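One structure below.
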Amino acid sequence: MKKSAPETLAFTKHLATMIKAGVPIAEAFSSLAEQSWSSGFKKTINAIMASINNGNSLAKSLAGHPGYFDQYYISFIQIGEESGTLETSLGYLSTQLYKDFSTRKKIQSALLYPTVVLFTALIIGSAISLFILPKLVDLFGAFDVDLPASTKLLLNIASFMKISGVFAITSVFALIVAFYILIILTPLKSVWGQIVIRLPFVGAIAKNFQITRFCRNLGTLLQSGVPISQALAVTAKTLSNQSFQKLVNQAQAGVEQGKSLTESLSKDRLFPVLVTKMISVGEKSGKLADSLLYLADYYDEELDNVTKNLTTVLEPILLIVVGLIVALIAIAIISPIYQLTGSIR
């Protein structure tokens, strides 16, 4: 799901409820189309309903809208239609989508606080430098006050922003967009993925998120009766980190050659020993799906702990950073005022 995970989740829950109640699928979609959705999603539902009315399966109808329904989603629907357990498949999807959505919200919440604090500090500092300090400088100049280094620094920044501020902000924005395009649309995406998972704290979050998604998606597919090779192919497409995606694709190739999943995943250190050991136990006992789902819950809890720790660690660091910014601005303003009052005496 790329466009609207909350809408896809709500859609899946509503559809599952109606199918469970015995509502025909065409009638269910007619009812769904009447509900309050974004204009884009409503058009999608209408297009799916038209495709179903033309005799296409639900899986085929959904496959034409990859912006909302990814390969993992389509695979589950197809399994449900072919086995006559569409209600069960929709129930599985509702649960997994909710867990995935909750995990993303945890990560966003952990990163929101430091972003807001730093952005607010930057705005306040810029406002003081651009609008307050220049007026005070005129006053200090009239009394021939020698400005301290901190005041001169802020004034130089303010002067630069006045002259080249628009160009500087536009350039920074353009660089960010260019960097984003480079890491999304080029081979640099793989390199960037390797860098991210090695960063302090952020790397642990990114890595645990990928492990959680891999274990949960693969475990749920296997539990639904999907052959392991096909399940690995679908799971690989749900992973956003290129390093993990590449390793899972290699594991699929290894499994098709007769190797065990444990052996195929152990070629790289991306997966912790706990993961490979539990998968090995699952393969030997014939309960691989159960082992994977246990790991998914375990690493979901680990992810929760890491995000909480990230906030705990960042709070004092941010307080120090903001405190230093406030102290610099205060010194820049108060120091020349102190000199001015001293010269008047």
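All residue numbers here begin at 1 and follow the chain in the order shown.
Backbone N, Cα and C atoms are what each Cβ position is placed from, and that goes for glycine too.
All annotation found in TrEMBL is predicted automatically rather than curated by experts.
Residues or ranges marked as domain 'Type II secretion system protein GspF' by TrEMBL: 11-134 (among others).
Counting residues 6+ beyond its ends, the transmembrane segment (111-133) has Cβ neighbours under 8 Å at 151, 154-155, 157-158, 161-162, 310-311, 314-315, 318, 321-322, 325, 329, 332-333 in the same chain. What TrEMBL records for 111-133 (among others) is transmembrane segment.
Per TrEMBL, the feature transmembrane segment maps to 153-185 (among others).
As a summary of secondary structure, the domain 'Type II secretion system protein GspF' (214-336) carries 103 helix, 0 strand, 20 coil according to DSSP. What TrEMBL records for 214-336 (among others) is domain 'Type II secretion system protein GspF'.
What TrEMBL lists as transmembrane segment is 317-338 (among others).
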